[in-house]
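Record features, source TrEMBL:
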type	residues	note
DOMAIN	111-334	domain 'Radical SAM core'
BINDING	CYS125, CYS129, CYS132	[4Fe-4S] cluster binding site
MOD_RES	LYS337	N6-(pyridoxal phosphate)lysine
Amino acid sequence: MQTLALSVIKSDQPEKWQEILSDLITDPKELLADLKLDTTANPLAALAAKGLAQFPLKVPRPFAARMEPGNWDDPLLRQVWPSSLEDVESDSLSLDPLQETHFNKTPGLLQKYHGRVLLTAAPHCAVHCRYCFRRHFDYAANTPGRREWSESIAYISENPDISEVILSGGDPLAAGDSYLAWLLAEVDRIPHVETIRIHSRLPIVIPQRVTAQLCSMLSELRSKSVFITHCNHPQEIDGEVQAALKAIRHAGSTLLNQAVLLKGVNNYADSLIKLSTTLFQSDVLPYYLHLPDRVTGTGHFIVNESEALKLMASVRSHLPGYLVPQLVREDPGNNSKTRLA
Ligand SMILES: *Cc1c(COP(=O)(O)O)cnc(C)c1O
Ligand code: SF4
C-alpha cells in the first residue's frame with residue numbers, strides 16, 4: 001500500500017518522543033535522587049546485582065514524573081525498581097517458562113494459537129518492567145531487519161488460516177514511523193489478514209509517542225486494527241496519557257488494555273477497580289489481567305491463584321461486566337491462554 005508509506009513525512013528533526021526515548025533514566029542513583037528516596041530506611045534500596053546486569057534500569061522521564069516522591073511503595077516505582085529481591089533464586093522460576101523458542105516459525109514470528117501470529121517487531125522497549133516475562137529474551141537473535149522479514153511475510157501469505165497479525169516486541173512503537181509504516185503495509189496488503197493488532201506500553205510510558213502521524217497510519221489500514229495498551233495501575237494514567245489513548249481510539253482502533261497482577265503494585269481490589277474505571281474514562285476497555293509467568297528474577301511479584309480469584313470476586317461485585325478483565329495465565333502447549341474461573 002503505497003499511500004501508507006507516502007503518508008510518512010520524512011524529517012531530519014528528532015521528534016519529541018524520540019528525544020525522550022534517548023534520554024531515559026538508566027542510573028538507579030538518579031531515580032533515587034529525583035524521588036528523594038531515603039536509602040537507609042528501606043530494604044528495597046539494595047540493588048539487584050545480577051538482575052541489573054541482565055536487564056538494566058530503563059525509565060522514561062514522563063513515567064517517573066507520575067511517581068510520588070519519598071514513597072518506596074509507589075506502584076509505578078515498584079514496577080521499575082531493580083531491588084535485590086530479583087537475585088533470589090528459586091526452583092519454581094525459569095528463564096523461558098513459556099517455552100517460546102518452540103513456537104518460533106520463521107525469523108521474528110511466533111505462532112502458538114490458531115489464526116494469529118505474533119511478530120517481535122522491535123528489539124527493545126522504552127521501559128524495563130522488572131516483572132517482564134521476556135526479560136531474558138534474545139531480541140538480537142529474534143528481531144529481523146527489513147530484508148529478513150521477507151521469510152515471515154511469506155509464511156503469513158502462504159497460510160490463509162492466519163487472519164490476525166500481532167505486532168509485539170519489545171515494543172513495536174519503540175521503532176520509528178517509517179519502519180513501522182513499512183511493516184504495517186507489508187502485512188496489510190496480504191488479503192486474508194483481517195486484523196492487525198499492536199501491543200504497546202508506549203502510550204502509557206511516553207504518551208508523546210502517539211503522534212498525528214502514527215494515528216493516520218492506523219486510520220489508513222485496510223485491516224481492522226486492535227490496539228492493546230499495557231497499564232497496571234490507575235496512577236499511570238494522567239491527562240497526557242488519557243489524550244493519547246483517546247487519539248488512538250479516534251483513529252478507529254479498538255482499544256483494549258492488558259495488565260499483569262503484581263504483588264505490591266496492584267494486588268488490591270480498589271486499585272484494580274480504579275484501573276478499570278480510569279481506563280474506561282480514556283475510551284479503553286479491560287481485556288486481560290495476567291497472572292505473572294514464573295520467570296527468573298520476578299518471584300517477588302507473584303500473586304497466588306487463590307488470592308487472585310478473591311480479588312476478581314471483589315472486582316466483579318463492584319463493576320459492570322464490561323469493565324471486568326479476564327483473569328488468565330499462560331500455560332505452554334495450550335491452544336489459548338488459560339482462563340481462571
Ligand atoms: C497472547 C498471545 C497471543 C494472543 O492471544 P489472544 O488470546 O488472542 O489475546 C498470540 N500469540 C502469542 C504467541 C501470544 O503469546
Ligand atoms: S514493555 Fe512489555 S515487553 Fe517491554 S519490558 Fe515492559 S513488560 Fe516487558
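We number each residue from 1, going along the chain as drawn.
Backbone N, Cα and C atoms are what each Cβ position is placed from, and that goes for glycine too.
What TrEMBL says about a protein is an automatic prediction, not a curated fact.
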CYS125 ([4Fe-4S] cluster binding site) to LYS337 (N6-(pyridoxal phosphate)lysine): how many Å between their Cα atoms? 23
Return the residues near CYS129 ([4Fe-4S] cluster binding site) by Cβ distance under 8 Å, restricted to its own chain and a separation of at least 6 in sequence. GLN79, VAL80, ARG201
For LYS337 (N6-(pyridoxal phosphate)lysine) and CYS132 ([4Fe-4S] cluster binding site), what Cα-Cα distance in Å is obtained after rounding to a whole number? 17
According to DSSP, LYS337 (N6-(pyridoxal phosphate)lysine) sits in coil
For CYS132 ([4Fe-4S] cluster binding site), what residues in its own chain, 6 or more apart in sequence, show a Cβ-Cβ distance under 8 Å? PHE55, CYS125, VAL295, THR298
Taking only the recorded positions CYS125, CYS129, CYS132, LYS337, which have a CB closer than 6 angstroms to any atom that belongs to ligand 1? LYS337
Given the recorded positions CYS125, LYS337, which one's Cβ is surrounded by the fewest other Cβ atoms within 10 Å? LYS337
According to DSSP, does CYS129 ([4Fe-4S] cluster binding site) fall in a helix, a strand, or coil? coil
Within 8 Å of the Cβ centre of CYS125, CYS129, CYS132, which other residues of the chain have their Cβ, at the recorded [4Fe-4S] cluster site? VAL127, HIS128, ARG130, TYR131, ARG134, ARG135, ARG201
The predicted model's mean pLDDT over the domain 'Radical SAM core' (111-334) is 95
